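Notes follow the structure.
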Amino acid sequence: MPKVFEGQLSAAGLRFAIVVSRFNSFITDRLLGGAMDALTRAGADPELIDIVKVPGSWEVPLVTGELARQHRYDALICLSAVIRGETPHFDYVAGEAAKGIAHVSSETGVPVAFGVLTTNTLEQAIDRAGAKGGNKGFDAAMTAIEMANLLRTLRQAT
């Protein structure tokens, strides 16, 4: 019978950092609220949660990398919102932010949850930040909790 590994959804005793962009703060503040709601519902101690605010999505990977290399956190949560405009700026920012965040996780071994909204319209962003489409900040925090526990289990099993 194969052995199955799966992360638990308890945040008790885990340390988190949330990197959140100030740009589009009317969206990112809602994402942050959703993430904090998920963490506290799952038993996280607010004293073990650090919130780091950066100017925009472009800066998220740099700060996330710095925090991951400190190895003080069980998981990191990245929150920002990139909304398509009339220029190609969206494509550069959204793509590079996603690549940078993925790189941090794979290079450091620290789970990094992706709560970066990339939407075509403001309405879509609002929907995904707590209106019709749930709250992607909440979802990202739950992913961070699960991955922190899964990696802890896998590292203890070897």
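Here the Cβ of each residue, glycine as well, is placed from N, Cα and C on the backbone.
What Swiss-Prot records for this protein:
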BINDING   PHE23, SER57, TRP58, GLU59, ALA81, VAL82, ILE83, PHE114  5-amino-6-(D-ribitylamino)uracil binding site
BINDING   GLU86, THR87, ARG128  (2S)-2-hydroxy-3-oxobutyl phosphate binding site
ACT_SITE  HIS89  active site, proton donor
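ARG128 ((2S)-2-hydroxy-3-oxobutyl phosphate binding site) falls within a helix when secondary structure is assigned with DSSP.
Long-range Cβ proximity for PHE114 (5-amino-6-(D-ribitylamino)uracil binding site), meaning a same-chain Cβ under 8 A and a gap of 6 or more residues, is found for CYS78, ALA98, ILE101, ALA102, ALA140, THR143. Figure note: comparing Cβ neighbours within 10 Å for the binding-site residues GLU59, GLU86, the maximum is reached by GLU59. By a simple count of nearby Cβ atoms, those within 10 Å, the most crowded of the binding-site residues ALA81, VAL82, ILE83 is ALA81. Reduced to three states, the DSSP call for VAL82 (5-amino-6-(D-ribitylamino)uracil binding site) is strand. Cα of THR87 ((2S)-2-hydroxy-3-oxobutyl phosphate binding site) to Cα of GLU59 (5-amino-6-(D-ribitylamino)uracil binding site): a span of 20 Å. The highest number of surrounding Cβ atoms within 10 Å, among the binding-site residues SER57, THR87, is found at SER57.
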